[in-house]
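Before anything else, here's the structure in question.
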């Protein structure tokens, strides 16, 4: 089989919508260019700068309200959360006057005050990048003209970009330390809850995360989405750092400065999610080589006959070293934070400590059954969709090998191979053929003619049934996962939010490893995962990374991860995304007539459907006794504001909408 060019841009069934030219007034991080970002009519700078502080203020307000209404000795954990008490620092050298401040709830309030400082500090760092980038570009723009996707102030050399970005990041971190000292000298209480060590480490980590996200997830983020994602990563890093410091040097702090209660749930989340990212960072050479070899055509390899063997060995090396890191480094850190208890044994016994011994195993079996059925059903549906999508492109043949009608005579039909299913950088221009999928990757499946004698009666019956089942559109395929999220997550959040907290963390870590396998084409599942996920991508997933499923999971899990005492708040993500966003899309597409603006696909009818469906769903939960009584007026006000954000924002709703809705509900005293 001769080599093919697989560097194609996303096309086909991707709903691109309106993709305008880049605007000069968009904001850009230092040493980045327009083509590094996802195409959008709005850069989302307000989202990047203000969503983080909004979430932090809501967290501080919620914990302060809980503290003011609690009595000494009250449990800091909500009654329906079945988890052990959070860890505290018990240093005998501390005076008795500080004992009250060592309790979990007062410590949480002080830690969340530091969270507000971190959120404003990261927004300051991002604003400094945007300001300096705009000023530097204005000086260079007058000297020469540049292509639309480039900037005059940014060199073409990747090495120079990295060098300039690193120099600027270190300089900005040093300037932040000086600024904090000046503010303290002047008596201005800004970032007063952050030490100089935290200023330096957070500044360096935040800026490094921004650059790595842009480089690795090329063309996958708007500026707004980038700001929210990197803020979340910075918070997880800060919590892991503070938890480690409290264990190593407890004398240096009077409380554990984590922004959630330091229970085993937080320890496991920090081991799972940052731990999964750490695995990718430590094993990046193996991942890079796997992707490089998978992308290289056979004719360009020195030993083409060894390509499959090399890919198998790289995959084996990654899986082996990943297991070593997980069971070794990460497992030891988790055991240390759990006070010497084995994390694997603890997890097994904790599964049996639900309301009934069988309740958590039953919930786990329910999730696994739904996931297995949905994957199997969608695999069958997508296989049938691809089969009939390409039948019209096949001309009748009398032999076993089908041919591509668009190819020169004698060229065989393109099949799904490990090489062809490697995601490509969307910068590379190429003409699309009729046999490429949404990521520009050939996925035609060979169809054997009936004369070959390999068809069976069962296959004919299934094919006949398939013809009567309509294939779903891209929007229907994506929204079906919103419905699946409601069916899967609602029972767990209602009856065992603590177990759902841990399950969400495990699922997120599994998604990270699945993305490693897909993006870096790890043998043997890289191609299969890529082809499966590529059938669900739209214009917001046209970059190198596929992130929508991360956003959907994070949106549904975020209100549980923030551990509020209100049961209703825990359902925010599921109601907003699983019901509200899906209903807005369905109603807006079917009966929507009045658009919010000529350039927006969002309709007023869809926004009304969003608000009404979420409010009615909340009331259904109330009637079923799953949530406490709440003020309908305040709840409706917050949801209507969220509906306006859903209608007017062009950022990814799965990422921004649940966090914004949760914050507004907390500030509305729900």
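In case you wondered, yes, glycine gets a Cβ from its N, Cα and C as well.
Nobody curates TrEMBL annotations by hand; they come from automatic prediction.
Note that this is a predicted model, so its numbers are computed, not measured.
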Which is it, of 79-99, 142-162, 226-246, that TrEMBL names as transmembrane segment?
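From TrEMBL, the annotated transmembrane segment range turns out to be 226-246.
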Between the candidate ranges 344-363, 364-383, 384-403, where does TrEMBL place the transmembrane segment annotation?
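It is 364-383 that TrEMBL annotates as transmembrane segment.
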Of the ranges 437-454, 455-472, 545-562, which one does TrEMBL list as transmembrane segment?
545-562
Among 24-43, 164-183, 404-423, find the range that TrEMBL records as transmembrane segment.
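Checking TrEMBL against the ranges 24-43, 164-183, 404-423, the transmembrane segment one is 164-183.
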The transmembrane segment (516-533) and the transmembrane segment (314-334): do they have three or more Cβ pairs under 8 Å, with pairs 6 or more apart in sequence?
yes
By Cβ distance under 8 Å, which residues at least 6 away from the ends of the transmembrane segment (226-246) in the same chain are close to it?
29, 37, 44, 47-49, 51-52, 89, 111, 115, 118-119, 122-123, 126, 198, 201-202, 205-206, 209-210, 213-214, 252-253, 256-260, 262, 266-267, 269-270, 273-274, 277, 333, 337, 554, 655-656, 659
I need to check the long-range neighbours of the transmembrane segment (113-136): which residues 6 or more away from its ends have a CB within less than 8 Å of a CB in the stretch?
27-32, 45, 48-50, 52-53, 55-57, 59-60, 153, 168, 172, 176, 190-194, 198-199, 202-203, 206-207, 210, 227, 230-231, 234-235, 238, 257, 259
Do any residues of this chain, six or more beyond the ends of the transmembrane segment (195-214), have a C-beta under 8 angstroms from a C-beta of it, and if so which?
29, 32, 36-37, 118, 121-122, 125-126, 129, 162, 165, 169-170, 172-173, 176-177, 180-181, 221, 226, 229-231, 233-234, 237-238, 241
Using a cut-off of under 8 Å between C-beta atoms, tell me which stretch among 266-293, 516-533, 608-627 contacts the transmembrane segment (568-587) the most.
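Looking at each of 266-293, 516-533, 608-627 in turn, the most contacts to the transmembrane segment (568-587) are made by 608-627.
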